[in-house]
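Annotated features in TrEMBL:
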- 12-32: transmembrane segment (TRANSMEM)
- 38-65: transmembrane segment (TRANSMEM)
- 72-91: transmembrane segment (TRANSMEM)
- 131-152: transmembrane segment (TRANSMEM)
- 164-181: transmembrane segment (TRANSMEM)
- 193-222: transmembrane segment (TRANSMEM)
Amino acid sequence: MSEKQSELKFAFQKAFPVMIGYLMLAMGYGLYMHNLGFSFWFPTIMAAVIYGGSVEFIVASLLVARFAPWNVFLVTLVVGFRQFFYSLAMLNKYRNTSIFQRLILIFGESDETFSVNYALEVPTNLKTKLVYTYVTIFNYLAWVMGAFLGGFSGHLLGIQLRGLNFMMTALFIVLFLEQFLKEQSHLSSFSGLIITTISLLVIGKTYFLLVTLSFLVVEYAIKYYLDQKRVFPHDID
């Protein structure tokens, strides 16, 4: 077995659990898009170009709502901004890679890919950077393939599953509960619920998301400033 094949096999083994999860979730996403009335190629292209997991579910729901580009932009920015910190954490691991590899690693830095590559211990006889690249590619292809299979299955079989439109709501409820159980202080969770509810009642469903995110950004900025002032009282005026 050649060195490249060994790296390919090792990366596939490490990426396989994530790939299975991606296939299942992305198939659900493809079916969800089909239920919203989109052709099967639409979720496939969105999965390939956006590759944002939860962002894609949000964008899908926004595409069938009243056209509000600022909503799409701000939601995508806020939800996907965590990738910025993933990239910072991987700077040393991804250093000295080719431009082509770097583009793949940057674009494909999903939550799960970050977790796998960050904790990965590569045998000394294998090229570490190449393993990172293969893991990233495998996960990416699994997500795109799952979106295609879900959308195409819905298109081919004419599947319209009742209640599937609740998928995105269920996804974010689970994410919220998972975060709620992990956090030490529930201030952010409760403030998010309160601000969202007030914005929805006062602004209406068209622009409430934009207003909610704006208030939350301001809230977190103030909270960060106060925390820093508490830790470094003489450094912040």
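Here the Cβ of each residue, glycine as well, is placed from N, Cα and C on the backbone.
Of the candidate ranges 12-32, 38-65, 72-91, 193-222, 12-32 contributes the most Cβ pairs within a distance under 8 Å of the transmembrane segment (131-152). Long-range neighbours of the transmembrane segment (38-65) within the same chain, counting only residues 6 or more positions beyond its ends whose Cβ lies under 8 Å from a Cβ of the stretch, are 25-26, 29-30, 32, 71-72, 75-76, 79-80, 107-108, 110-111, 140, 143-144, 146-148, 150-152, 154-156, 167-168, 171-172, 175, 205-206. Only residues 6 or more beyond the boundaries of the transmembrane segment (12-32), in the same chain, are considered here, and those with a CB under 8 A from a CB of the stretch are 40, 43-44, 47, 53, 56-57, 60, 112-113, 116, 120, 131, 134-135, 138-139, 142-154, 159, 161, 164-165, 167-168.
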